[in-house]
Amino acid sequence: MSEQDSSSPKYMRFLLGNFTSAEMVTDGNFLIYCIEMGLLVIGVLENIFMIGAVFSTSCLHLNLRILICNCCLGFILMAVGRAMIAVPLCIAHLRDVDISSHAWCFIANAVHHSSADSVCLSFVFIMLERTAGTIWSKDYEKTKIHIFPCIFAFLQWFIPMFMILGNFLDRANRMEHFLLYPHLPCQIEYLTPTMFMITIFIIVIGFIASVGGITIVYNKNIKKYNTRDIWFNTVNLSERYQITENIRSTHLLFPLLALMLIFSTLSVSVLIYGGYWVSVMTKEPARFEEVVKWFGRGGEAAQLFDIITAIYTISFPICAFICHPNLFRFLRKFIGWNSYAVRPSNLNEIGGFEMSTAPIRTQTEFHFQELSRQWNT
């Protein structure tokens, strides 16, 4: 692709030219990065608060609490990965200096991608944990077997890290393609096409398995709950509690899965849109102005993906608090909006308190006066 005819061409990601670091991060890029960082700060604080809330309540089984907190940790690390990418680019725009390197940006992308994959896989392992709670509902609440969540949490991170290793070893690396054009290291997409397709495949299969598995678990627990034989034996109180909690926790997961489906659909739509205009620019350079109009000089349209992810980071804890009664009660108590609490009354506010300190004769007279008043009315 040849350089533009103008002696000082305007920057565009897929045009050759001698551009400065400040030019390679457009004003639109910088503004979107600032908005994204603001949203991610809110999301990180919410997820930290949710971790504290989940571990502070005993309404959920400890195994489930571990996996939910592991999911929140994935959101936090995903935000950290994005900050590692966005902050050097913002500095490049403001100070016209690139403080990053390919090693730094590869690690940042690895943290971001592995955390995003871990979040998507979290529902699969939560579904497996709820399946175990359904199968062994009689003893699951009393038996403290924490090897399940430890193995599940390990796999939840091992699979994405294994995929990152495969991406690093993939020969179809896109580094040479991106280095042909003026890009800062953190503007390069280090995920190869092969690993991108594998990632999408695993996420889709995991989502289908999560929805199907949670639906089966929910219906199975409803069927157990409607079985009246277990309610007349005090020995089975633990089973009764476990079945009830299985229903409440799986009921919580359906809105979270719906939330994941909505944001995943939006994200994939943005990726398809961005991929289309990138292919147009690389194959039909004459359509330069059209690409600039619909994709942006700095690929601003593709940054909608990061904004959607940041909004998802914020929405996940909010949805969890609203959909689970005990978590919602914890939130209301924390912010002081607790209608369940009974305001303590002072003794002098209680009706008839003044008579409690009066002499016995006065109390007796008052008692018969009240009786006379009631009989005469």
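Heads up, the Cβ atoms here are built off N, Cα and C, so glycines get one too.
Listed features, source Swiss-Prot:
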type     : residues : note
TOPO_DOM : 1-34     : topological domain 'Extracellular'
CARBOHYD : Asn18    : N-linked glycosylation site
TRANSMEM : 35-55    : transmembrane segment
TOPO_DOM : 56-71    : topological domain 'Cytoplasmic'
TRANSMEM : 72-92    : transmembrane segment
TOPO_DOM : 93-105   : topological domain 'Extracellular'
TRANSMEM : 106-126  : transmembrane segment
TOPO_DOM : 127-144  : topological domain 'Cytoplasmic'
TRANSMEM : 145-165  : transmembrane segment
TOPO_DOM : 166-195  : topological domain 'Extracellular'
TRANSMEM : 196-216  : transmembrane segment
TOPO_DOM : 217-251  : topological domain 'Cytoplasmic'
TRANSMEM : 252-272  : transmembrane segment
TOPO_DOM : 273-303  : topological domain 'Extracellular'
TRANSMEM : 304-324  : transmembrane segment
TOPO_DOM : 325-377  : topological domain 'Cytoplasmic'
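Within its own chain, the transmembrane segment (35-55) has Cβ neighbours under 8 Å at 65, 68-69, 72-73, 75-76, 79, 82-83, 86-87, 303, 306-307, 310-311, 313-314, 316-318, 320-321, 327, 330-331, 334, counting only residues six or more beyond its boundaries. Mean model confidence for the topological domain 'Extracellular' (1-34) is a pLDDT of 78. Here Asn18 (N-linked glycosylation site) comes close to Pro182: these same-chain residues lie at least six apart in sequence, with C-beta atoms under 8 angstroms from its C-beta.
DSSP states for the topological domain 'Cytoplasmic' (56-71), grouped as helix (H, G, I), strand (E, B) and coil, give 11 helix, 0 strand, 5 coil. Stretch with the most C-beta contacts under 8 angstroms to the transmembrane segment (304-324), considering only 72-92, 106-126, 145-165, 196-216: 72-92.
Across 72-92, 106-126, 196-216, stretch 106-126 shows the highest tally of CB pairs under 8 A with the transmembrane segment (145-165).
Under DSSP, Asn18 (N-linked glycosylation site) is assigned to coil, being neither helix nor strand in the three-state scheme.
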